[in-house]
Each structure stands twice: as structure tokens, then as C-alpha cells.
Amino acid sequence: MRAWEDQRVSSSESADPRLAPYDAVLVLSFGGPEGQDDVIPFLENVTRGKGIPRERLEEVGEHYRAFGGKSPINDQNRALIAGLEHELAEAGLSIPVYWGNRNWHPYLADELKRMADDGVTRVATFITSAYDSYSGCRQYRENVADAVAEVGPRAPRIDRLRHCFDHPGFISANADGVVGALGELSSEGARNARLVFVTHSIPVTMAETSGPVGGAYVAQHEAVARAVAAQVAERTGVAYEHDLVYCSRSGPPEMPWLEPDVNDHLEALAERGAGSVVMAPIGFLSDHMEVAYDLDTEAMQTAKSLGLEAARAATAGTHPDFIAAVVDLLLERAAVERGENVTRASIGAPGPARDVCPVGCCPNLRGERPALCGEDEPPNPSGDPK
Ligand SMILES: CC1=C(CCC(=O)O)c2cc3nc(cc4[nH]c(cc5[nH]c(cc1n2)c(C)c5CCC(=O)O)c(CCC(=O)O)c4C)C(CCC(=O)O)=C3C
Ligand SMILES: [Fe+2]
């Protein structure tokens with residue numbers, strides 16, 4: 001038995017009416033290596049056809065190697081699923097939770113086959129990516145299309161839950177993380193800290209074309225940063241200044257990616273006389289390798305060398321508010337599919353993100369490919385009326 005199999009659910013009972021028409025939940029994630037032998041094949045999966053320079057791949061490979069070749073992401077997803085199962089059970093909602101990844105075991109297509117074997121016909125999918133961009137949205141939708149094509153007519157019909165970035169439970173979980181990190185600083189450091197919100201850098205062209213009308217990636221992050229900072233101010237009585245910066249830049253050097261990089265930003269803050277920072281990785285749902293390496297290892301080292309006092313805020317992870325938010329998004333979408341009117345929990349503009357992506361949303365700039373969960377979805381291979 002492989003390490004992930006203990007997470008699997010083996011039968012689909014009939015689901016609760018509050019969850020109808022769904023008979024299963026799928027957590028769809030990125031995937032990560034489980035040991036040294038997995039590192040290269042994993043990186044090959046991630047970067048196939050992406051034009052990532054060899055040196056960057058070797059560098060990222062070293063980050064994984066330094067952690068024994070094991071990404072934290074799989075255990076984080078196991079914990080998220082356990083939390084979801086617990087929350088669903090507490091609410092008396094009986095529905096099986098499955099787990100599939102785009103880049104590593106358990107692969108999405110294998111999980112779809114298992115669902116088909118279990119008699120699942122209609123799935124609500126939570127993608128572990130909170131914001132709009134090709135990487136966080138359409139690319140997963142393409143993976144779903146590929147997996148459904150591989151499984152064929154037996155594949156269940158898949159709906160994707162809207163992005164969770166603007167859900168109040170995601171905001172309060174992150175605000176809690178920031179308040180916790182402030183508590184790790186000296187009392188003077190905590191009073192004068194700068195809140196540095198961090199997310200994954202992406203190519204500027206990808207950011208400009210993100211969402212239904214472009215620019216969604218940065219706009220959504222700015223809204224989250226503002227909302228989290230406001231909640232922290234309310235809870236601490238201090239109106240901290242904040243910034244939005246980026247980590248984990250990749251791609252060829254001549255291609256522009258979102259800036260400033262977190263390390264450069266720390267340097268600029270130190271030059272301007274800052275003494276302490278809290279780094280809050282709002283771009284990541286849990287402690288991915290980008291958090292474990294790029295922030296906890298590299299950026300922490302940068303802060304230390306600059307004489308900056310620094311703490312890192314916890315990610316949403318398995319925070320109870322966040323788990324409850326995912327269950328709320330599930331109930332919301334089920335109600336929508338039953339034709340009911342819903343009130344969507346949201347912090348307001350620019351959200352909430354749509355349930356079904358319009359044509360051309362978060363385009364693949366390398367060329368169009370089939371994608372599901374959007375208005376450009378090809379006819380359902382199982383022949384169900386839509
Ligand atoms: C926006 C975004 C998210 C957040 C949304 C989401 O969560 O999906 C994300 C998540 C993740 N990215 C991850 C890992 C990697 N991403 C890479 C490469 C890239 N990421 C990109 C963007 C994003 N990535 C982009 C534009 C590239 C360039 C190649 C391309 O155009 O696609 C590479 C190749 C090496 C490199 O190029 O750095 C690796 C190894 C892991 C797993 C971490 C772990 O193991 O814990 C996770 C969760
Ligand atoms: Fe990535």
C-alpha cells in the first residue's frame with residue numbers, strides 16, 4: 001500500500017439532501033514528491049512544455065532534496081481532508097471525500113476511475129488554489145478535461161467550487177495567522193511591525209490576462225491583504241502598514257514576472273529603517289515548499305542578515321474557519337445547482353469569483369486546450385443533459 005492510500009474512501013453512500021446533486025467531494029491539488037526518487041519525475045511532470053531553464057529546475061530540485069525529497073504538500077492535503085471529513089460528519093453531512101493531484105500520486109485520472117468504480121456520478125471539486133490565474137484555475141480545468149478523456153464515458157460529471165480567496169473564513173484564518181506571528185516578535189517588534197503579504201510570482205502576461213476580464217490575480221490578492229490587515233488592526237488596535245510582494249519567481253530571466261521579490265523588498269524595508277516584519281503567505285493555502293523553503297529558509301535568512309526581526313504567519317491550512325469555509329462553499333454550490341437562491345459569503349469587491357468560468361477566462365497563452373468546468377466546456381462525454 002502506498003503512503004496516500006490510507007486517505008481513500010471506498011464506498012459512496014447516498015448523500016445528504018443538503019448536498020444534492022453531489023454524491024462525492026474531490027480535493028484537487030498540485031501533488032508533490034514523497035522521497036528523493038520522486039523529485040526528478042515530479043519536476044518533469046510539473047515543467048513539461050513550460051520552457052523552464054535547466055538551472056532553475058536544478059535549484060528547485062535542491063530545495064526538495066534538502067527536505068529529504070519530500071514535499072510538505074501531501075501531508076497538508078491529508079490533514080485538510082481529515083479536517084473536512086470531520087467537519088462534514090459534525091454537520092451530519094454524509095458524503096465521501098476523494099483526493100487527486102495534477103503532478104503526483106494519487107493522480108486525478110486514477111481517482112476518477114476509482115470514483116466511477118464506486119458508482120459516483122456527480123462531483124464537487126475543491127481546487128487547492130485560492131485565486132484566479134492560468135496556473136491556479138484553467139490549468140487545473142485542463143487537467144480535469146485530460147483525466148475525464150482518459151477515463152471515458154464512465155467518468156463522473158465534475159463541478160468546481162468557486163475560488164475561496166474572498167470567503168470570510170479564509171480571511172479570518174489568515175488574520176489569526178498574522179496575530180499569532182506578531183505574538184512571536186518582541187513587544188517593540190510587534191508594535192512597529194510591517195505586514196508583508198506574500199504570494200507566488202507569475203509571469204506579468206499571465207497576471208494581466210487572469211480572470212474573466214484580466215488583472216484578477218493581483219486585484220484579488222490586494223483585496224485579501226487589505227481585509228486581513230483590517231481584521232488585524234481591529235484585533236490588535238494597531239493599524240499596521242502592509243505590502244504585497246512575491247516569491248518563487250521562475251522562467252527565463254528576460255521574461256517579466258510580478259515584483260518586488262520578497263527578499264528585495266526586505267532589503268528596501270531595512271534601508272528605510274524598518275525593524276520588524278511579519279511575512280504572511282496569503283497566496284498559499286498551506287505550508288507548501290514555497291513557504292517552507294522560499295520564506296522559512298531563504299527570506300528568513302535574508303531578514304536575519306539585514307538585522308530585521310521577522311516572523312512568518314501560519315497559512316490557512318486546517319484552521320477551523322477555513323475548513324468551515326470549504327464546507328460552506330460546497331453547500332452554496334449544491335444549492336445553486338438545485339436552482340435555489342444563495343447568499344454568497346464574501347468580503348465584497350472584487351469577489352465572489354464565478355462558479356463556471358466564461359469563455360477565454362485565465363487563458364492558456366501557449367495555445368488553447370480543452371478545459372472542463374467552464375462555458376467553453378465540450379459536450380459531456382457521459383451524455384448527461386446539462
Ligand atoms: C500561481 C501558482 C501557484 C499557486 C496556486 C496553486 O497552488 O496551484 C503555484 C503552486 C505551486 N507550485 C508548486 C511547485 C512548482 N511550481 C513550479 C512552476 C510554476 N509555478 C507557477 C505558478 C504557481 N504555482 C508558475 C507560473 C510556474 C512556472 C511554470 C508554469 O508556467 O507552470 C515548479 C517548477 C519549478 C519552477 O519553475 O520554479 C514547481 C516545482 C507547488 C508544489 C509545492 C510543494 O511541493 O509543496 C504548488 C502548490
Ligand atoms: Fe508553482
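Just so it is clear, glycine is given a Cβ too, placed from its N, Cα and C backbone atoms.
Look at TrEMBL and you will find SER71, TYR140 tagged as Fe-coproporphyrin III binding site. Marked as Fe(2+) binding site by TrEMBL: HIS200, GLU290.
Features recorded in TrEMBL, as mapped to the structure shown.
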residue : record                             : Cβ within 10 Å
SER71   : Fe-coproporphyrin III binding site : 25
TYR140  : Fe-coproporphyrin III binding site : 25
HIS200  : Fe(2+) binding site                : 24
GLU290  : Fe(2+) binding site                : 21
Between SER71 (Fe-coproporphyrin III binding site) and HIS200 (Fe(2+) binding site): CA-CA distance (Å):
17
Where does SER71 (Fe-coproporphyrin III binding site) sit by DSSP, helix, strand or coil?
coil
Return only the integer: C-alpha distance in Å from SER71 (Fe-coproporphyrin III binding site) to GLU290 (Fe(2+) binding site).
10
Measuring Cα to Cα, how many angstrom lie between GLU290 (Fe(2+) binding site) and TYR140 (Fe-coproporphyrin III binding site)?
19
